[in-house]
């Protein structure tokens with residue numbers, strides 16, 4: 001539908017009102033179905049080991065690939081969002097997720113699970129989750145911080161319900177039939193995608209309606225190549241230069257390397273989170289096997305993950321409200337670093353004792369810290385980059401952290417196989433989390449002091465430093481400072 005036709009049907013302002021809240025509800029369910037799903041894999045850890053005669057390291061590759069694809073598919077998701085729109089990408093992700101889990105129920109080896117549940121389901125979850133986060137950023141402006149925190153409660157719901165459902169179905173039907181049922185459940189991502197009606201700012205296109213511009217002279221160059229031009233021909237040399245420029249353009253557009261090189265805040269945050277992810281996922285993968293290994297009953301071990309999720313349901317919105325206060329404007333990164341630090345320190349509780357009562361205390365403290373991490377991760381990213389580049393920045397951000405998410409659990413599993421000591425899981429997790437928290441907090445503090453000194457020495461200058469970290473306003477701008485009109489687009 002053209003812009004004029006859409007305007008003929010009426011112009012609306014859906015930000016922070018009306019249909020935006022339906023989109024938020026869909027985002028809550030979507031994050032529970034996608035980002036919350038990998039937490040239940042630990043319930044199947046022991047059964048999969050016995051079924052395929054696999055070691056801890058071999059079995060941990062399965063959830064690692066799933067989580068890595070969930071985060072690392074960001075650049076591909078960004079391209080699809082710009083070409084096809086958020087609604088289509090969310091629904092495509094639902095189809096892939098469901099197909100992957102259905103296929104997993106027929107696997108005959110652990111390596112086949114790497115492909116079906118790991119690669120296909122992980123990539124599908126990535127499409128649904130990241131496209132949902134992107135469209136949420138456009139539906140909310142004034143209440144964006146709260147919206148992100150509320151949407152992240154979907155992860156908490158997933159953490160609460162997935163392990164309990166998994167344990168029940170595993171006991172009643174076995175892991176194969178459980179995976180088959182999971183495939184049907186994940187298809188509900190398509191319903192969430194249908195609710196996310198795309199919008200378009202009247203003053204410019206959004207990512208879901210953006211179309212790539214054809215490079216000037218591309219068709220002429222194709223004609224020259226098809227006619228057999230010499231490799232030393234001036235036209236081919238020009239074509240080579242333009243091809244290189246186009247490749248750089250793609251890296252900047254879809255992977256935001258230009259932002260990474262120029263924006264120190266984005267650079268520090270991306271490096272810190274990437275390092276943090278080496279240890280962040282370890283308790284989620286190994287907590288249930290660790291509890292069972294130390295004599296805790298299976299249903300009680302699965303309950304530990306649900307406790308984390310249940311507490312998150314109430315803490316995450318409170319964290320969103322707190323971080324949205326004007327006192328924390330430009331300071332959310334410090335709250336985030338504090339939450340990561342608390343995550344790392346809490347792991348030492350598991351080292352002290354593996355009794356069920358002690359593990360419950362650990363889950364309570366960990367869930368409080370995780371609430372801060374979950375509620376602020378994407379909000380801090382929105383603070384340090386412009387909203388019109390958020391999709392690209394998210395792509396690079398997630399593909400870097402996916403590398404550490406992929407290698408962290410298997411390397412720790414290998415260490416456990418060698419030493420037969422699960423305590424190394426929590427030692428490793430604490431090391432990466434605490435060091436990442438200190439790096440991000442101290443680096444942003446030093447950057448802020450440097451910016452203040454620069455501003456003091458150049459008070460007469462009106463041009464801010466290109467490396468300055470400050471909270472970026474992502475509200476749509478217009479000459480009269482009023483929010484631009486927004487049109488509903490009924491087709492993608």
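Glycine is no exception: its Cβ is also placed from the backbone N, Cα and C atoms.
TrEMBL annotations: computationally assigned, not manually curated.
Between the listed ranges 246-267, 268-289, TrEMBL ties the annotation transmembrane segment to 268-289. TrEMBL lists transmembrane segment for one of the ranges 177-196, 197-216, namely 177-196. Looking at 21-45, 61-81, 268-289, 333-353, 393-412, the range that has the most CB pairs within less than 8 A of the transmembrane segment (177-196) turns out to be 21-45. Within its own chain, the transmembrane segment (424-447) has Cβ neighbours under 8 Å at 264-265, 268-269, 271-273, 275-280, 282-283, 286, 290, 333-334, 336-338, 340-341, 343-345, 347-348, 350-351, 408, 412, 415-416, 467, 469, counting only residues six or more beyond its boundaries. With a cut-off of 8 Å between Cβ atoms, the residues of this chain six or more beyond the transmembrane segment (333-353) that come close are 265, 269, 272, 276, 279-280, 283, 287, 290, 319, 322-323, 359, 361-362, 365-366, 368-373, 376-377, 380, 383, 423, 426-427, 429-434, 436-438, 440-441, 444-445. Highlighted: of the candidate stretches 88-106, 112-139, 301-321, 359-381, 112-139 has the greatest count of Cβ pairs under 8 Å to the transmembrane segment (61-81). Relative to the transmembrane segment (88-106), the listed stretch 112-139 leads the set 21-45, 112-139, 268-289, 393-412 in CB pairs under 8 A.
Counting residues 6+ beyond its ends, the transmembrane segment (359-381) has Cβ neighbours under 8 Å at 133, 144-145, 148-149, 152, 155-156, 266, 269, 273, 280, 283, 287, 291, 296, 304-305, 307-312, 315-320, 323, 332-333, 335-336, 338-340, 342-343, 346-347, 349-350, 390, 393-394, 397 in the same chain.
Comparing 21-45, 112-139, 146-165, 268-289, 393-412 for CB pairs under 8 angstroms to the transmembrane segment (301-321), the maximum falls on 146-165. No contact links the transmembrane segment (393-412) to the transmembrane segment (21-45), because fewer than 3 Cβ pairs that are 6 or more residues apart lie under 8 A.
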